[in-house]
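*Asks:* The structure under discussion is supplied below as C-alpha cells; questions concerning it will follow.
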Amino acid sequence: MDQKDCSHFFYRPECPDINNLRALSISNRWLESDFIIEDDYQYLDCLTEDELIFYRFIFTFLSAADDLVNVNLGSLTQLFSQKDIHHYYIEQECIEVVHARVYSQIQLMLFRGDESLRVQYVNVTINNPSIQQKVQWLEEKVRDNPSVAEKYILMILIEGIFFVSSFAAIAYLRNNGLFVVTCQFNDLISRDEAIHTSASCCIYNNYVPEKPAITRIHQLFSEAVEIECAFLKSHAPKTRLVNVDAITQYVKFSADRLLSAINVPKLFNTPPPDSDFPLAFMIADKNTNFFERHSTSYAGTVINDL
C-alpha cells in the first residue's frame, strides 16, 4: 500500500471544530431512564380530547422523524474521509437512539399505556398528508439534486426547521404546568438538536465545497418553512395551550438564524420571539446549567437556532 494511504489505519485530529462539538455532546449525555414518564399520567385528564389528539400526532411525527434522521446520518458519514466527522456522527447516532426511546415512552403514555391502541393510531397517522408532505419533499429534493452541499442544506432543514413547531408546542405545556417530565425530556432533546444543527452548519461551512447558489438555498428554506407552518396549522387545536401564530413566527425566525449560521442573507427578517415564548430562553447565550431540574450539569454553551 502507498505510504500516503497509511493514515487510514490510525486516528489523526483534522477537524478541531467538529471534535469540540463531539466532546460537548459526550459531556452532556443523558438516558431515557433519567426521568420517570409515569409521573405524567396524572396530567392526561387535564387535556381536552382535541389537545390529546394533537399531542399524539406530534409525538407520532417526532418518533418517525427521528428514524429518518438516523438513516440520513449513515449516508452522510460516507461522504467524508475525516475521522473526526465520522466520530461525531457516531456520537450523534447514540443520542438519537435515546431520543427515539424517549419518544416511544411519551407516545405510549399518551395512550394510557395501551399498546394496541398506539399501534392502531400510528398505522393510520404515519400516512397523514402533513407528515408525508415532509417525507416526500425531502425524498424529492435528494432525488433531484444529490450534491453533497444540497444534502447538507436538507439535513440542516430537517434538524433546524422540521422539528421546531413540535418542540415549541410541547414547550407550551410547561407554561401551563402540565406534563413536567415530558417537558424536561423536550428541553434535553431540543438542546441536543442545537448541537446537531451547529455541527451540520459547521461541516457545511468548513468541509463542503461548491455551495449552492443563494437563490437555491432561499428556495429550499422558503419551501421548508411553508411546509412546517402548514404542518402545525393543520393539527393545532383551538386551545388555551398553543399560540399558533407565535410558533409560526418562531419557525421563520429560526430559519433566519440558520441562514446566518451558513453565511447566507436572511429571508424573513422576523424579530425574535417575545420573552414569554416558551423556547425564547434557548436563543440566548447562557452559561447556566442546561439540566435545570437534573443533577448532572450540561457543560458548555450552545446557542440554539431551533
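Yeah, the Cβs are placed from backbone N, Cα and C, and that goes for glycine too.
Since we're looking at a predicted model, the values are computed, not measured.
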*Asks:* For the Fe cation 2 site, Swiss-Prot lists E96, E193, H196; sort out which one of E159, E226, E228 goes with them.
*Replies:* E159
*Asks:* Rounded to an integer, what is the Cα-Cα distance in Å between E159 (Fe cation 2 binding site) and H99 (Fe cation 1 binding site)?
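*Replies:* Cα-Cα distance, E159 (Fe cation 2 binding site) to H99 (Fe cation 1 binding site): 13 Å.
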*Asks:* If you count the C-beta atoms lying within 10 Å of each candidate's C-beta, which of the binding-site residues H99, H196 ends up with the smallest number?
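*Replies:* So among H99, H196, the binding-site residues given, the one with the fewest Cβ atoms within 10 Å is H99.
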*Asks:* State the Cα to Cα distance, in Å, between E193 (Fe cation 2 binding site) and E96 (Fe cation 1 binding site), rounded to an integer.
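*Replies:* Given the Cα positions, E193 (Fe cation 2 binding site) is 9 Å from E96 (Fe cation 1 binding site).
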*Asks:* Look at each of the binding-site residues, E96, E159, E193, and point out the one with the fewest other Cβ atoms around it within 10 Å.
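*Replies:* Selected from the binding-site residues E96, E159, E193 on minimum Cβ neighbours within 10 Å: E96.
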